[in-house]
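Visitor: Starting off with a structure, shown below.
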């Protein structure tokens, strides 16, 4: 998969307006015909023996796409029933599409199908499309809920109706699609937050519009990428390499009762290739750490002199996994923030930064909050973060600098110039310790010479792909350390 730009609704609207101006027709009807053709092609690719379809259309341009789809399917002798929430707005491209459909003898029913109608093989959702930022109103909400009750394949045109195409937020009823066919460009909301649950499989047709990259160019554009796109960034080893060449990582965390977090971060750093790793933790956790991973060196984090020596020794410092929020934890964080080292900051370290309004001395840091930590950092709510994930990542970067990762389904990375979403991951990763593994990955890649941007992009993609691979044996019951062998494989590009 190539790297794709994800375009918000306003950018897609600008492309449509530019298209209308360049064609000389003053409208986008030709684009609507192309969109309908794209849906039919994709539908027949996945359902080549298709015989019956219901098309559910709204009043806007998404509904217009639906009328084109219905007409083209009828021309292929496929049984099509069209159900509309109302007539399209007069003088619009959707009205033109409706008139062409009606001129071929197509019928439109302005009510939901009754129980006497046998369910179709496919229902096409062309109700709302992009530009929706509130819960669907009546009667559309009832139509969406009806679609979701149907025991058939569901295809969404451009975006599942009810999904905010920009944020991934689902404020009300939303179509649960089996396939989403995007037009012109992928939309950010399809790949982050709740959008991943409602969009399912996604395909793209650019409709032959060649000027999309120019219009999409600009500050803080959002990119979609996969593991394959970052393989070339991953560390390489010379034949003459020794452990000192692979960098020195210090991990600070593992308070009493939370030693496992620091152990997992250390193990991930090992599997991602860091040459030397020290873990500063509560002294009671040191025996367990030595037993779990004798390759890791240990420091008692209550020994101020030893901690300072370890800070001086390290190339990169990762702080937060199992750190706790005690006064000694705050002191350790303050020392790390005052050092001149590259930092990876996660978990309790982020909570301490939020609670005490701490700042970073420069831009050499990665922060990796989940929505709860992000809400505390921005002094808002988890609901607000989840309703605008890309914007929240941008806000975090603007306030705290460095490179930001907002974790969750469709994790969002922001460095102040671009945002990126890794099209990786698995529900298998919904268990404790996954963030600790990611912290170790980030630190290891920075220690081996990757830039902060490249380290974050690589760590998130490797982490997500490793989670997917570990989950192949079942997404329920996967534990964080199950990712470790796959991290080694992926880091070596095997």
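Any Cβ shown, glycine's included, is placed from N, Cα and C.
Bear in mind that the values here come from a model prediction, so they are computed numbers and not experimental data.
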Visitor: Which one, 372, 435, 440, 449, is listed by TrEMBL in the same AMP site as 407, 408, 409, 410, 411?
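Guide: When TrEMBL describes the AMP site, the candidate it includes is 435.
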Visitor: For the K(+) site that TrEMBL describes with 62, 161, which of these is also annotated: 125, 133, 141, 197?
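Guide: Of the residues offered, the record points to 125.
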Visitor: Take the C-alpha atoms of residue 158 ((6S)-NADPHX binding site) and residue 411 (AMP binding site) and report the distance between them in angstrom, rounded.
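Guide: If we compare the Cα positions of residue 158 ((6S)-NADPHX binding site) and residue 411 (AMP binding site), the gap is 22 Å.
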Visitor: Taking only the residues in the domain 'YjeF N-terminal' (12-215), give me the average pLDDT of this model.
Guide: 93
Visitor: Where residue 370 ((6S)-NADPHX binding site) and residue 410 (AMP binding site) are concerned, what is their Cα separation in Å, rounded?
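Guide: With the alpha carbons as reference points, the distance is 12 Å.
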Visitor: I'm trying to understand the geometry here, so how far is the Cα atom of residue 130 ((6S)-NADPHX binding site) from the Cα atom of residue 161 (K(+) binding site), in Å to the nearest whole number?
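Guide: Cα of residue 130 ((6S)-NADPHX binding site) to Cα of residue 161 (K(+) binding site) measures 8 Å after rounding.
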Visitor: Counting Cβ atoms within 10 Å across all protein chains shown, which of the binding-site residues 64, 408, 410, 435 comes out on top?
Guide: 64
Visitor: Spatially speaking, which of the binding-site residues 64, 408, 409, 411, 435 is closest to residue 125 (K(+) binding site)? Use C-alpha to C-alpha, please.
Guide: 64
Visitor: About how far apart, in whole Å, are the alpha carbons (Cα) of residue 64 ((6S)-NADPHX binding site) and residue 411 (AMP binding site)?
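Guide: Given the Cα positions, residue 64 ((6S)-NADPHX binding site) is 33 Å from residue 411 (AMP binding site).
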